[in-house]
Amino acid sequence: MWAFPELPMPLLVNLIGSLMGFVATVTLIPAFRGHFIAARLCGQDLNKSSREQIPESQGVISGAVFLIILFCFIPFPFLNCFVEQQCKAFPHHEFVALIGALLAICCMIFLGFADDVLNLRWRHKLLLPTAASLPLLMVYFTNFGNTTIVVPKPLRPILGLHLDLGILYYVYMGLLAVFCTNAINILAGINGLEAGQSLVISASIIVFNLVELDGDYRDDHIFSLYFMIPFFFTTLGLLYHNWYPSRVFVGDTFCYFAGMTFAVVGILGHFSKTMLLFFMPQVFNFLYSLPQLLHIIPCPRHRMPRLNTKTGKLEMSYSKFKTKSLSFLGTFILKVAENLGLLTVRHSEDEDGAFTECNNMTLINLLLKVFGPMHERNLTLLLLLLQVVGSAVTFSIRYQLVRLFYDV
C-alpha cells in the first residue's frame, strides 16, 4: 500500500514561503491596480457590456513574487554544506541547475512583459522562448549531457534498446520550451482560463512528483517541487482576481512565465514526455489551430468567442474572407473539417463577390459548437474540467498503458 512520503525540510520551508507568496500575490495585485492603469497597461473586457478599464499584465506581479520566494529559498537545499558542513562535497551540479532554471524563468518573465508593453508580432513570440531557453539547455549540457533515449518496444527490432539522438535531443528540448510558452497563450481569451489551466497542470505535476518521491529519481522530483509549489500558490492568488468577473488580466507575461516554468521542471526533472501528456488539451488546441496559425485559413487578430448582449452568453466567433482568396489546401482543410463536424462553414455573396465564413479554430469555439452558447463562467469551468480529465488520462497512461511500450 502506498504511503505518503516523508518530506525533506527544504520542501517544508518552500511550502511555508509559498503560502506567504499566495497572501502577497492576493494583496499586491489590487495595490498596484492604479499604477498599471496610469501606465496605460489596461484594456476592456470584450466579453462584457461594461467598458471599465481593467489592468493587464498582472502575471508580472505573480511572477515577481514567485522569483522572490525562490531567491530567498536558494540557501535551504544546501544548508548542510553552508552551516553544519556535513556534506563531503558541495553539490555544484544541483546549485547550477537551480540557478540556471531561475535564470531561464526570469528571462521569460522579462521578455513576456516586453511583449505586453510592445505588442510584438507572432514571429517574435517564437523567438523569445527560444532565447530564454538557452540557459536551460546549457545547464542540461553541463550537468547531464545525456541524449540517449529508451526506444519503445514496438520499435526495438528496428532501432535497438537505446538510441542516441545527439543534437536532436537539444532541438527537442528547445521546441518543448517554445511549445509550452505559446500553448497556454493560444488557449486563452476568457476570464480565468490561462491561470486556471496552469493551476490544474501544476497541481497534476505536484501529485506526480509526490507519487514518485519513493522512486529512483527522488532528487529530480524534489527539484521539480521546489518550483511547482510556489508556482501553484502564486497562480492561485492571481486566479483569485482573474476569475469571472475578472478584475485583472494576466497578460502574455503570465503565459510565458507559466510555460517556461513547466518546461524547466520537465527538462531538468527528466519527465518531459509526462509533461507533454499533461498538456493534452493544449496539444489538441494547437493542432486544431494550425491552419489559422500558418495562415492557410485567414486568421483574425482576436479569435476569442463573442458576447451575445441579448442572452449574456458567449457564441462562436467567425473568420470571414473572400472565397477566391483561399488556396486549394485551405479549401481542402475546410471541407474535411466540416465533414468531421469540427467546423461550421457558411457561404454568402454580395456586390463584392463570394464570401466564406468559418468559426475560428480554437478549442473554446469548438466547445461552443458542440454544446451551444453558454455563460463565460460555465465555459471556463468546462475547459478546466477537460484539463482535469486530461490529467487523469495522463496518470492512466503513465502508470498503466506505459507497460505496453516500456519495461517498468
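Placement of Cβ uses the backbone N, Cα and C atoms for every residue, glycine included.
These features come from Swiss-Prot:
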type: TOPO_DOM; residues: 1-10; note: topological domain 'Lumenal'
type: TRANSMEM; residues: 11-38; note: transmembrane segment
type: TOPO_DOM; residues: 39-58; note: topological domain 'Cytoplasmic'
type: BINDING; residues: Q44, D45, L46, E56, N191, R301, H302, R303; note: UDP-N-acetyl-alpha-D-glucosamine binding site
type: TRANSMEM; residues: 59-78; note: transmembrane segment
type: TOPO_DOM; residues: 79-91; note: topological domain 'Lumenal'
type: TRANSMEM; residues: 92-118; note: transmembrane segment
type: TRANSMEM; residues: 122-143; note: transmembrane segment
type: BINDING; residues: K125, V178, F179, C180, T181, N182, A183, I184, N185, I186; note: dolichyl phosphate binding site
type: TOPO_DOM; residues: 144-166; note: topological domain 'Lumenal'
type: CARBOHYD; residues: N146; note: N-linked glycosylation site
type: TRANSMEM; residues: 167-186; note: transmembrane segment
type: BINDING; residues: N185, D252; note: Mg(2+) binding site
type: TOPO_DOM; residues: 187-192; note: topological domain 'Cytoplasmic'
type: TRANSMEM; residues: 193-213; note: transmembrane segment
type: TOPO_DOM; residues: 214-218; note: topological domain 'Lumenal'
type: TRANSMEM; residues: 219-242; note: transmembrane segment
type: TOPO_DOM; residues: 243-250; note: topological domain 'Cytoplasmic'
type: TRANSMEM; residues: 251-269; note: transmembrane segment
type: TRANSMEM; residues: 272-293; note: transmembrane segment
type: TOPO_DOM; residues: 294-375; note: topological domain 'Cytoplasmic'
type: TRANSMEM; residues: 376-400; note: transmembrane segment
type: TOPO_DOM; residues: 401-408; note: topological domain 'Lumenal'
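Structural mapping of features recorded in Swiss-Prot.
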{"residue": "Q44", "record": "UDP-N-acetyl-alpha-D-glucosamine binding site", "Cβ neighbours (10 Å)": "12"}
{"residue": "D45", "record": "UDP-N-acetyl-alpha-D-glucosamine binding site", "Cβ neighbours (10 Å)": "20"}
{"residue": "L46", "record": "UDP-N-acetyl-alpha-D-glucosamine binding site", "Cβ neighbours (10 Å)": "12"}
{"residue": "E56", "record": "UDP-N-acetyl-alpha-D-glucosamine binding site", "Cβ neighbours (10 Å)": "21"}
{"residue": "T181", "record": "dolichyl phosphate binding site", "Cβ neighbours (10 Å)": "29"}
{"residue": "A183", "record": "dolichyl phosphate binding site", "Cβ neighbours (10 Å)": "22"}
{"residue": "N191", "record": "UDP-N-acetyl-alpha-D-glucosamine binding site", "Cβ neighbours (10 Å)": "23"}
{"residue": "R301", "record": "UDP-N-acetyl-alpha-D-glucosamine binding site", "Cβ neighbours (10 Å)": "4"}
{"residue": "H302", "record": "UDP-N-acetyl-alpha-D-glucosamine binding site", "Cβ neighbours (10 Å)": "11"}
{"residue": "R303", "record": "UDP-N-acetyl-alpha-D-glucosamine binding site", "Cβ neighbours (10 Å)": "21"}
Original post:
Where among the recorded positions N146, N185 do you find the Cβ with the fewest other Cβ atoms within 10 Å?
Top reply: N146
Original post:
With an 8 Å cut-off on Cβ pairs and a sequence gap of 6 or more, do the transmembrane segment (272-293) and the transmembrane segment (11-38) reach 3 or more such pairs?
Top reply: no
Original post:
Quick one: what's DSSP say for F179 (dolichyl phosphate binding site), helix, strand or coil?
Top reply: helix
**OP:** Enumerate the residues of the same chain, K125, V178, F179, C180, T181, N182, A183, I184, N185, I186 excluded, that satisfy the criterion Cβ within 8 A of the mean position of the Cβ atoms of the recorded dolichyl phosphate site; list them in sequence order.
**Re:** P129, C255, Y256, G259, Q282
**OP:** Measure from the Cβ of K125 (dolichyl phosphate binding site) and count the other Cβ atoms within 10 Å, all protein chains considered.
**Re:** 20
Subject >> For the transmembrane segment (251-269), sequence-distant contacts whose Cβ falls under 8 Å of one of its Cβ atoms, 6 or more beyond its ends >> reply: 56-60, 62-63, 66, 97, 100-101, 104-105, 108-109, 111-113, 115-116, 125, 128-129, 132-133, 136, 139-140, 173, 176-177, 179-185, 188, 194-195, 198, 201-202, 205, 209, 217, 220-221, 223-224, 227-228, 231, 235, 238, 275-276, 279
**OP:** Go through 59-78, 92-118, 122-143, 167-186, 376-400 and flag the stretch with the largest number of C-beta pairs under 8 Å relative to the transmembrane segment (193-213).
**Re:** 376-400
Original post:
Does DSSP give D45 (UDP-N-acetyl-alpha-D-glucosamine binding site) helix, strand or coil?
Top reply: coil
**OP:** List nothing but the largest Cα to Cα distance in Å, as a whole number, among the residues K125, V178, F179, C180, T181, N182, A183, I184, N185, I186 that the record says bind dolichyl phosphate.
**Re:** 12
